[in-house]
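Chemist: So that we are looking at the same thing, I have put the structure below in structure tokens.
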Ligand SMILES: CSC[C@H]1O[C@H](OP(=O)(O)O)[C@H](O)[C@@H]1O
Ligand SMILES: Nc1ncnc2[nH]cnc12
């Protein structure tokens with residue numbers, strides 16, 4: 001069996017869908033959830049520590065494998081600020097994935113993005129507060145690199161996924177990929193508290209359409225590790241900008257999360273096989289080589305330690 005080509009980063013919602021599988025496994029050693037069969041759990045120790053969960057290798061009906069990580073841990077015990085993005089992305093790269101399809105629950109900053117709707121964003125505004133490790137470079141290793149981030153998501157992957165998501169959406173729900181004539185924009189805040197009303201209104205003025213606490217540094221680290229990365233978002237609430245409504249509460253988010261779980265399951269199942277096939281057939285361009293002009297430190301100045309560490313994610317440049 002070949003390595004998994006796609007990594008899936010699951011949020012609370014996808015975890016809801018996988019948890020029964022995990023429980024089943026601990027008793028019988030066999031798991032199956034709809035069309036995904038558990039193959040094995042891989043405990044990965046990366047040079048940046050352990051990922052949020054074991055890497056779960058799951059098989060699609062065709063036998064094709066995917067690698068799954070639960071972003072907040074399998075008991076949802078890791079806050080967005082504590083998620084070890086470096087380890088999560090490095091672990092997925094290590095097991096051989098070429099592209100990541102990540103999931104996220106988001107707040108809506110636009111009337112027309114209703115709770116339950118799906119969004120595939122193309123732009124990001126970073127409002128995190130530099131307390132998350134957001135790069136594999138620097139950090140006293142003496143290697144400087146500047147990844148391009150003008151397109152934070154892999155455009156070809158996101159446009160491949162969008163019609164597949166649309167195909168399986170239940171009636172009454174919409175998929176948003178743009179806002180009028182501009183890109184669909186996700187603002188990432190630090191959290192864990194939700195926004196004030198003033199912040200929520202400011203994000204709307206900045207041109208943001210949805211809000212979460214997760215996409216940064218995941219998207220940045222995937223770029224540095226030369227992995228494709230797209231995000232499938234589901235809207236759970238209207239955040240705090242609607243003056244005549246109560247601001248978002250966790251109870252509201254969880255309620256919508258639960259009702260969204262079935263939809264996300266169908267979306268995941270429909271999308272993953274097609275993405276796997278497209279990557280195998282090189283219909284979605286590989287990100288290999290995308291960092292070749294980003295590393296500015298001379299090769300002869302790399303230390304033994306930095307080579308050892310960085311070759312884990314970028315063997316072509318650091319072996
Ligand atoms: C549970 S509400 C806030 C939380 O939900 C999102 O997490 P994820 O992206 O893993 O679905 C959001 O980013 C916040 O971390
Ligand atoms: N309103 C909100 N703000 C930040 N992250 C969220 N995730 C889901 N809803 C959210």
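Quick reminder: no glycine exception, Cβ is built from N, Cα and C everywhere.
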Chemist: In TrEMBL, which of the ranges 6-22, 23-39 has the transmembrane segment annotation?
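Modeler: Here TrEMBL associates transmembrane segment with the stretch 6-22.
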Chemist: When the pLDDT values for the domain 'Nucleoside phosphorylase' (38-269) are averaged, what is the result?
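Modeler: Mean per-residue confidence for the domain 'Nucleoside phosphorylase' (38-269): 93 out of 100.
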Chemist: Would you mind reading off the Cα separation of residue 105 (phosphate binding site) from residue 213 (substrate binding site), to the nearest angstrom?
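Modeler: Counting only the Cα atoms, the answer is 9 Å.
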Chemist: What is the Cβ neighbour count of residue 214 (phosphate binding site) at a 10 Å cut-off, with all protein chains included?
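Modeler: The Cβ of residue 214 (phosphate binding site) has 26 Cβ neighbours within 10 Å.
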Chemist: When a 10 Å sphere is centred on the Cβ of residue 72 (phosphate binding site), how many other Cβ atoms does it contain?
Modeler: 19
Chemist: What number of additional C-beta atoms lies within 10 angstroms of the C-beta atom of residue 105 (phosphate binding site)?
Modeler: 23
Chemist: Using C-alpha positions only, work out which of the recorded positions 195, 213, 238, 250 is nearest to residue 104 (phosphate binding site).
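Modeler: The answer is 213.
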